[in-house]
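Record features (TrEMBL):
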type     : residues : note
DOMAIN   : 5-104    : domain 'CS'
REGION   : 165-224  : region 'Disordered'
COMPBIAS : 165-185  : compositional bias 'Gly residues'
COMPBIAS : 186-206  : compositional bias 'Acidic residues'
Amino acid sequence: MSDTQQTPEVLWAQRSSTTDAEKNYVYLTIGVPDVPAKSLKLDLTPTKLTFTGTSESKKTTYHVELEFYSEIDPENSKTHHTAANIQMVLRKKEMKEEFWPRLLKDTKKAHFLRTDFDKWVDEDEQNEAPEDDYMNQFGGGGGGMGGMGGMGGMGEDGGFGGIDFSKLGGGAGGDMPGMEGLGGADEGDDDDDDDDDMPDLAEPEDDKAADKGKSKIEEITESK
């Protein structure tokens, strides 16, 4: 049975800037689940994106071609491949304050293309919007993984996108074991001190009991 060909769903959002190139981009998510890296081909030019990928588990070949409204900069664009999709940040070539009126050059509505409302910010509100956390997975925002150039897609996105290592061992795994060790040692020392002190506290009681016993024996002897 031959694979069926399907146009994947594409979500998009954008930012614009006249001064900061890293904030002048288009964000794309191509929904292609279970497509391994070895089974996909992604061709990106300044004016067009072509994607083809095959999912063996779903017996489906995904194919989509996007001709952009305006030019992008492939050299400074980034890709992140997951088990569910292909995520891309495409750097706009022209720095303008105005948003693109649409993603595609063709004015005809594409049935597979939808606005990514989770990432969309209105043009007049983008400066007030919080920093884009999802950019961290691409090495944006000063992440150390961004320096791994020359490794293709994995080098660009870092491979460890979105993981906060401080929550996976820095807070609980970093400080707590040491504190537990110190706490255990302190408790052990306290127990030892108590053990050392107890005999000293008991000895006077034993002496008093012994003296009382002697005095009673003497009284009995004298009475006889």
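Using N, Cα and C of the backbone, Cβ positions are placed for all residues, glycine too.
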Counting by DSSP, what is the helix, strand and coil composition of the domain 'CS' (5-104)?
6 helix, 55 strand, 39 coil
I'm checking region-level scores; what's the whole-number mean pLDDT for the domain 'CS' (5-104)?
95
